[in-house]
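Asks: Next up is a structure, given as structure tokens.
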């Protein structure tokens, strides 16, 4: 079994790369792909860069060049659930674009034309993530809707507008739905694992800078524990 792991930023993949053995690297289109062993599994880890286009390019290259059996998106996110604190984790129950609107043609808000409204992660990956929760210690983890858009959300007015469109949203970030859409088209199972770096409010820029390393570590820890659960 080979697992592809994608994070957007260095703090989101650094702990994973440091824990790998037998690592080899190649760079394609300016994106570094590091293949090796992690938690007893063959993995390929890459830092995609920020945003949906960067994530789509990296995911396509990962699938085409390495043919992973599954893809895990790891990293940070802004939180939308009062019961979660910075550093806690959201496991995707579904993933949607929050900044897509082609409702004029009969699609749901957030649904890209000719695509499903929601991208559903692989059940066996979600199950493995849930089994790993018990080993997280004080870090809390839940399943929930993760939404994606090409914006860093730090405006309470925009936050409320997003919640009006997606009232069950647990977290938002900038890559997950793009990765999920590419996986959907290639028929590759996926899951998104995100640790909260901020709470999508006025303090988000300060919180993000302060807590991105913590969020990256917690998300990476969750990914490694998930890998241990996979058979």
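Cβ atoms are placed via backbone N, Cα and C, with glycine included.
Here the structure is a predicted model, which means the values were calculated and not measured.
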Asks: Say Swiss-Prot lists 153, 174, 175 as binding substrate: which of 49, 78, 79 is in the same site, per that record?
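Replies: According to Swiss-Prot, the candidate sharing the substrate site with 153, 174, 175 is 78.
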Asks: Excluding 78, 153, 174, 175, which residues of the same chain place their Cβ within 8 Å of the centroid of the Cβ atoms of the recorded substrate site?
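Replies: Filtered neighbour residues, in order: 77, 148, 149, 151, 152, 172, 173.
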Asks: Per DSSP, to which secondary structure element type does residue 174 (substrate binding site) belong, with helix, strand and coil as the options?
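Replies: It is coil.
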Asks: Just going by other Cβ atoms within 10 Å, which of the recorded positions 12, 175, 198 has the emptiest spot?
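Replies: Relative to the other recorded positions in 12, 175, 198, 198 has the fewest Cβ atoms within 10 Å.
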Asks: Cα-Cα separation of residue 174 (substrate binding site) and residue 12 (active site, proton acceptor), in Å?
Replies: 13
Asks: Expressed to the nearest Å, what is the distance separating residue 78 (substrate binding site) and residue 12 (active site, proton acceptor) at their Cα atoms?
Replies: 14
